[in-house]
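First up is the structure itself, then whatever we jot down about it.
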Amino acid sequence: MARGSRSSSSSNRFRYLHPGYYLKRPKRLAILFIAFVIVTFLVWDRQTLTREYEMEISKYSGEIRRLKDELKKYTGGEEETVRLPVFKEDPLDIQRREKVKEAMLHAWNSYVTYAWGNDELQPQSKNGVNSFGGLGATLVDSLDTLYIMGLHKEFDKAREWVANSLDFNKDYDASVFETTIRVVGGLLSAYDLSGDKLFLEKAKDIGDRLLPAWDTPTGIPYNRINLAHGRPHNHGWTGGDSILADSGTEQLEFIALSQRTGDPKYQEKAEKTISQIQKNFPSDGLLPIYINPHSGQPSSYSTITFGAMGDSFYEYLLKVWVQGNKTEPVKHYREMWETSMQGLLSLVRKTTKSSYEYICEKNGGSLSHKMDELACFVPGMLALGSSGYGPEDAEKFLSLAKELAWTCYNFYQSTPTKLAGENYFFHGGEDMSVGTSWNILRPETVESLVYLWRITGNKTYQDWGWNIFQAFEKNSRIDSGYVGLKDVNTGVKDNMMQSFFLAETLKYLYLLFSPPSVISFDEWVFNTEAHPLKIVSRQDSKKGINELDRKPKPKSPSRVFGRKEGRSSND
């Protein structure tokens, strides 16, 4: 019985191989046919892909052979192994970089201990102050510095505060400029570096609160706005005018915000400002520091300067071109910048004693032989922009960058503390003398040294930066953080650790001693608060320009604000 059962079972299995089985069952025949077609197609498709792959390999192999033949022409016919250059770090750079990182930790931990969640730390009195409406300015400004330095525990702690405590619904009249460069820029940079969408969501929130500032007849923004209620307006002391730097230094951040969110409204608002300015752009590219938001007319009486209230407008003309990967839609930014650089040349003078080159300010038809330390960003800007010129102009502007950097370095070296004053005067037959003698931990000279070192490879710029860092360590470091100086001649200390000391000064010093691949200039562009933003090619087109009504502007008194205005404890 058992043997007969196995024989019957075997016969049942083999019936599936008999054609008659399927002829009696047409549905199963159809299924078998479909399965056959599918398998045949898959085998054919696989073979086709394999052939295409082999053809591609063959093509690239031929290209490699061709390139090897070309290489032999330059190597005398010898077979050589082509090796890409490897950046070998100098042990001294590593040592210096670690010292800067330790300084950042000291500044950060002091802020955490005495001013957590506040805008800035007052180190001598060991308390926090809300200089910017309680937006955690130092914390937000420090996010990318912490990330770049690999201080991830500290970064995560800051991220937690941003998630749980950063609230923009404040009845506070904020500076559109300062809030954009510090908060919007800081959040976007943290997003670009970490990929954490929390930072993008927060950047969108504050961006939306700032947008009504651009609701003017010309699109030139008011410079202050209430974060909770809107109501944009300008400073009373400007006579109702907008400030050039404050109005022309939001493009990087708002273009980036549109690119990251996919919402064009931020970019459209910010770029309308440049389109408006372009209508009245002078032949020398030099604009006064006041501009009327209703008529779009620059004032005819106010100062022309690359220092306070003018500086970063020119910086952003170049950097928006870089941010857009130097494509056609941003070409007009580069053209405007080059026009302004020709104007800059008309302001450059040289001392007769030591041949220091410096940048004058212009008031009407006369020159003032005064240069702000804020204007020491110019050497770095010129070095960055030199690559877009032909060989002759590239050399001319790079040479000027080197000369101006030497002057700025001597702003530091000329004082007893080896720290620079806020501005300098150049009198006939003399080199330089300190005007306003405080130092509030500004970054501009070190910023330029980073650009010049990366572009020229000259390690002298690293040595200069190290000397400046040592002067900060000697004069500004105390147990509870870093302070500025009330007077660079006497060394008397103030009571403020500016947020840009962590965002810019220490970051640029760290990058000065890091390989050029760390936040590469080929991939990143820095906003004016040293927040790196990813370079993205632009696909949009430049919009047309409308005509404006031209109205006369009343004369008003001036007031000095900085590129990053800062808060002096002397105020």
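The backbone N, Cα and C atoms fix where each Cβ goes, and this holds for glycine too.
Where the annotation comes from TrEMBL, it is an automatic prediction and has not been curated.
Database features, via TrEMBL:
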type: ACT_SITE; residues: E178; note: active site, proton donor
type: ACT_SITE; residues: D311; note: active site
type: ACT_SITE; residues: E422; note: active site, proton donor
type: ACT_SITE; residues: E444; note: active site
type: BINDING; residues: T528; note: Ca(2+) binding site
type: COMPBIAS; residues: 562-571; note: compositional bias 'Basic and acidic residues'
type: DISULFID; residues: C376-C408; note: disulfide bond
type: REGION; residues: 544-571; note: region 'Disordered'
type: TRANSMEM; residues: 28-44; note: transmembrane segment
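Here the active-site residues are E178, D311, E444; the one with the fewest Cβ atoms within 10 Å of its Cβ is E178. D311 (active site) sits 10 Å from T528 (Ca(2+) binding site), counting Cα to Cα. Here T528 (Ca(2+) binding site) is positioned 10 angstrom away from E178 (active site, proton donor), judged by their C-alpha atoms. Cβ neighbour count for C408 (disulfide bond) (all protein chains, 10 Å cutoff from its Cβ): 29. The 10 Å shell around the Cβ of T528 (Ca(2+) binding site) contains 27 further Cβ atoms across the protein chains shown.
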